[in-house]
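Q: Per TrEMBL, the feature transmembrane segment maps to 12-37, 49-72, 84-108, 144-164, 170-190, 211-236, 256-274, 295-316, 322-343, 355-373, 403-429, 435-455 (among others).
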């Protein structure tokens, strides 16, 4: 990895780490708090609401957040920032109105609980995400970091307040998320003057087609992952029960920390890779994936080794069973990050249709494995289906983009850590405390050995900033 690009990746990753703490890491930290107040059934309902929001968010935003960032960061700008932002947000508002009308009609015939809270959370959280991408695209990375901190504090504050004063604890959680999103949107739009970029005169009809051509293939891509997740939850609900959904939600929450960590790097990687779609990034791609693979697998080994104590001490005893599925889902999360890394190749070439096709293939694999195996192995079916689906997507994408985006699977950086992860999954399943803690110590040593060069650069960067 060249020193210039490598240093920029580390610097931007550190900045994005601060900004993403609120919206991503806090969602994990609050889960143990919620588990104290919510029953397993309510936790299942909460997870279903979040899953619904994950589905509808791509529909309501048309994935224009990706297009906004892609157009604002491009070196060959053909439109002003005002035109890009106003045009995209206008399309977002139209999609919002249509979505609300459709949901209103459905709910009229099939009433559902917490509809108003869910829709308000959907709108304000979608708007917040779009405005975050506006900040990134405009190069306001410090404000991006600051708004993440503010969001984390607000969400924590409102969660404590509403859980204290509301008898309906699930409604309290939803209200806290709504109010926190409203406040940060107000700050971005009016305190930081982003509203100056908005005016009807800036709507550019010529931008609509190219932006939608880029973003729309990402909508079914995002929805297909939701369908995969929702299909798992539906299969679990039909074959098992709602409480099993809550247990599976907890088991997948801790591995999601790895995806949070990766997503911080991904934001910085996109800043490098998406600015120029004609540049040759083959060497930097190969070197970066090698380091990424070592880092993700080494952190994964640590999480796998302490799956049982993490679930035991962080969550209510009602969710203790979740530790059994966590090691498999840790591996699945690692391959999810690899798939996302390869997805930037399609984004760079503006060939987002390939992202959709490969994602659908993975979703089909996941659903079929879950459906046919859950009767025999229970929740392990959903976990294994998730793992194998991402492995399939990774293999397809790795072969498809290797000519211009080469990812080399070396023994040291990929195969050895992968095989070791499988061994860890088996040994941890024995549930022997002495074995688990021994594995934890070994994982720490392996992590330090594999990532000593990266850690040295990070410490150097932090030291330089402090001094």
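Please read every residue number as a count from 1 along the shown chain.
Cβ from N, Cα, C; glycine included.
Tell me what's around each of these sites.
A: For the transmembrane segment (84-108), the residues of the chain that approach it from at least six positions outside its boundaries are 56, 59-62, 64, 67-68, 71-72, 115, 119, 123, 126-127, 130, 134, 137, 194, 197-200, 202-204, 207-208, 211-212, judged by C-beta separation under 8 angstroms.
Residues 34, 37-38, 42, 45-46, 49, 114, 117-118, 120-121, 124-125, 127-128, 131-132, 134-135, 143, 147, 150-151, 154-155, 158-159, 161-163 of the same chain, all 6+ positions outside the transmembrane segment (170-190), place their C-beta atoms under 8 angstroms from a C-beta of that stretch.
Below 8 angstroms of C-beta separation, residues 5, 8-13, 15-17, 20, 24-25, 28, 69-70, 73-74, 136, 281, 284, 288, 292, 296, 299-300, 303, 330, 333-334, 336-337, 340-341, 344, 347-348 of the same chain, each at least six residues beyond the ends of the transmembrane segment (256-274), sit close to that stretch.
Within its own chain, the transmembrane segment (295-316) is flanked in space by residues 31-32, 35-36, 250-251, 254-255, 257-258, 261-262, 322-323, 326-327, 330-331, 333-334, 337-338, 414, 417-418, 420-421, 424-425, 428, 431, 436-437, 439-440, 442-444, 446-447, 450-451, 454, which lie at least six positions past its ends and keep a Cβ under 8 Å from the stretch.
Away from its own ends, the transmembrane segment (322-343) comes close to residues 247-248, 250-252, 254-256, 258-259, 262-263, 266, 269, 289, 292-293, 296-297, 300, 303-304, 307-308, 310-312, 315, 355, 358, 362, 379-380, 382-384, 386-387, 390-391, 393-394, 397-398, 401, 405, 407, 421-422, 424-425, 428-429 of its chain (Cβ-Cβ under 8 Å, at least six residues beyond either end).
A Cβ distance under 8 Å defines the sequence-distant neighbours of the transmembrane segment (355-373), meaning residues of its chain 6+ beyond its ends; these are 217-218, 220-221, 224-225, 227-228, 231-232, 235, 339, 343, 346-347, 380-382, 384-386, 388-390, 392-393, 396-397, 400.
Beyond the ends of the transmembrane segment (403-429), by six or more residues, the same chain brings 280-282, 285-286, 289-291, 293-294, 297-298, 300-301, 304-305, 307-308, 324, 327-328, 330-331, 334, 338, 341-342, 345, 348-349, 435-436, 439, 443, 446, 450 to within a C-beta distance below 8 angstroms of the stretch.
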